[in-house]
Amino acid sequence: MTGKDSVVLVDKGTMPKIVSTDEKGTAANTLATVESQQPDKAAERGKAMRQVIAAFIANIGTISTGLIFGFSAVVIPQLQAADSLIPVDESQASWVASLSAIGTPIGCLLSGFVMDNFGRKKALIATQIPTIIGWITIACASNVSMIYAGRVLTGFGSGMVGAPARVYTSEVTQPHLRGMLCALASTGISLGVLIQYTLGAFTTWKILSGLSVMVPVLALLLMLLMPETPNYLVSKQKPEKALKSLAKLRGSSYNIEREVDQLKAFAAKTNATGKKKLGFRETIEALVHPSSLKPFAILTIYFMMYQFSGVNTITFYAVEIFRDSGTTMDKYTCTILLGVVRLIFTIVGAILLRRCGRRPLTFISGVGCGCTMVGLGVYLYFKYQWDHSVPPIEPTATWFPVACIFIFIITCTVGFLIVPWVMIGELYPMRVRGLVGGFTTCMAHSFVFIVVKTYPLLTHLLERHGTFILYGCFSFAGTVFFYLCLPETKGKSLQEIEDYFSGRIKTLKKAKPGRGNGTGPDGTDGQQLLTVEKNKLLP
C-alpha cells in the first residue's frame, strides 16, 4: 500500500468506519458532508423554558412543606408566652412540633397509590386539599386540640406532595435539566421555612396560618393548567396523549415522535405496559425486584442518617436552640438569617448538583454536619459547666455556637436537603415509581417525627450537649455508608439507572467517548460523533 489519508467515522453504538482517500482534499470534503448531515444539538433538546415552568408549578406545593416545617419554630414561643391565648406546656409543645410528621407518612403512602393509578398531575392537585383545610383549622383554633388536628392535616398534605412533585419533575424534564430542576422541591421547602421565620417574627400565629393557606390554593389552580407526564401516559398505553403532552413540554421544533417511540420501546422492554393497572401479584413482584429493593434500601438508610444528623431539630426548634445556646444576638434575628442562609445554599446546591454530582455533595454534608454538631455539643458542654459552677461563669465566645449552627445549615443544605429527594425521582423503576416513591417519603417523614419528638427526651437523658454530639456521630457514620453504597446518577437517563439496578448494565460510571451523553430519553443526544484522523499508512 502507498501512503494515504484515512477518515474515521464513528457512529454512536457502531464500530468505527475507515474511509480511504486517494486524492488530496477528499477527506476534508467527506468531513464537511457528514457534518452537514448532523442535526442541530439545540433541536435535539426541547425548549428549556417550558420544562422550567412546568417544574416550578409542580413544586409550588413544596413551599407549603417549608411553611409547615418552620411553623412550630415560631408558634411554640408564642404559645408558651405568659399572654398566650392557648397556653401549652413542654409536652404539648413537642406535640405541636411533631404531629405534622405523623400525618406525613400516611400522605406519602396514599400519594404513591394515587400517582400510579390516577396520574402524577391528579396526585399533585389532590394533595393541596388537606393542606388548605389544615391551615384553615389552625387559623380558627380555639384550643390546642384544633392546632393538633390542623398540624396532622397539613402534615398529611405535606406527605402527599413530596413524591409527586419530584416524580413529575423528573418525568417532564430532560436529563441535562433534571438534576437542577428536581432540586426545586428542596428550594421550595427552604423558601417556605424562610417565609415562616420572617413573618412569624412580626405576626401572630393565627395570622400566619391564614397567610399560609394562600400557597396551596395557588398550587392547586396552576396545576390544573399543566399536562400529565409522557412517561405515565405511555405506561398506560396512551401514546397519542403522550405526544400532546410532549408538544407542550418540548416545543414544536423538537422530535416528539422519536422520544415517545423510545419511551414505548423501553416500556415494552421492562414490561411496563402489559396492563393498564398492575394486579396485586404483579405489584408485589415489582416491589421485591432488585430494581426496586436496592434503591429503596439505599434511600431509606440515607434518609435515616441525614434526619439523625439533627437538621429538623434545628429547623423545628430554631428559636429555642438559639435562646439556649448562650448567644447575645436576638433569637428571632438569628432564626430569620438562618432561613436566608438555608434558601441561598439550597439554590447553590441545586446548581452544584448539575456540575458536581450527587456523591461529592453528600460527602460535604456528612463531614460538615458531623464536625459542626460535635463542635456545638462541645461548646454546650462547657456552657453547662459554666452555668452550674458556683458562682456561675459568664459564657465566652458566644459567637461560636451560632457559627456552628450556620455552618451546619450550609453544609447540610447543599447535600442532605437536596440529593436524596432528587434521587426519589431517579432511582425507581417506571412500573412502581410512584408507589415506591411514596414508601420512601413515608420512611423519610417517619424519621422526621422520631427525631423531632425525641429531641426533648434526649435533652433530658443526655443534656443538650450530648444530644448534638450524638447527631454528629450519626453524620460521620452516614458518610462511611454513602462512600460505600451511594451510586452517582449525574447525567444518566432514567432508563440507564433502572437498567443498572436491574442488573442489565454493570456500572453507572461515566461513559467513554462514543456513548450517549444523556440528553435524550435513551441516554443519547441523537448526534454522530465524528472524528477525522490523518493517518499515514505504512508502505
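Heads up, the Cβ atoms here are built off N, Cα and C, so glycines get one too.
Note: TrEMBL annotation is automatic and uncurated.
These numbers come from a predicted model, not from an experiment.
Lifted from TrEMBL, the feature list:
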DOMAIN    54-490  domain 'Major facilitator superfamily (MFS) profile'
REGION    510-539  region 'Disordered'
TRANSMEM  52-75  transmembrane segment
TRANSMEM  95-115  transmembrane segment
TRANSMEM  180-199  transmembrane segment
TRANSMEM  205-226  transmembrane segment
TRANSMEM  296-319  transmembrane segment
TRANSMEM  335-353  transmembrane segment
TRANSMEM  360-382  transmembrane segment
TRANSMEM  398-423  transmembrane segment
TRANSMEM  435-456  transmembrane segment
TRANSMEM  468-486  transmembrane segment
Please identify the stretch among 180-199, 296-319, 335-353, 398-423, 468-486 with the greatest number of Cβ pairs below 8 Å relative to the transmembrane segment (435-456). 296-319
With an 8 Å cut-off on Cβ pairs and a sequence gap of 6 or more, do the transmembrane segment (335-353) and the transmembrane segment (205-226) reach 3 or more such pairs? no
Checking 52-75, 95-115, 180-199, 360-382, 398-423 against the transmembrane segment (296-319) for Cβ pairs under 8 Å, the most are found for 398-423
Could you tell me what the rest of the chain brings near the transmembrane segment (398-423), counting residues at least six beyond its ends with Cβ under 8 Å? 162, 166, 179, 182-183, 185-186, 189-190, 295, 299, 302-303, 306, 309-311, 314, 321-322, 325-329, 334, 337-338, 341-342, 345-346, 348-350, 352-353, 358, 361-369, 372-373, 375-376, 379-380, 383, 444, 489
Near the transmembrane segment (360-382), which same-chain residues lie under 8 Å Cβ to Cβ, leaving out any that are not at least 6 residues past its ends? 302, 305-306, 309-311, 325, 349, 352-353, 397, 400-401, 404-405, 407-408, 410-412, 414-416, 418-419, 463-473, 475-476, 478-479, 482-483, 486
Find the member of 52-75, 95-115, 180-199 that has more C-beta pairs under 8 Å to the transmembrane segment (205-226) than any other listed stretch. 52-75
Checking distant contacts: for the transmembrane segment (180-199), what same-chain residues at least six beyond its ends satisfy Cβ-Cβ under 8 A? 51-52, 55-56, 59-71, 73-74, 162, 165-166, 169-170, 173, 208, 211-212, 215, 315, 318, 335-336, 338-340, 342-343, 346-347, 349-351, 353-354, 413, 417-418, 421-422, 425-426
Take the domain 'Major facilitator superfamily (MFS) profile' (54-490) and average the pLDDT across it for me. 88
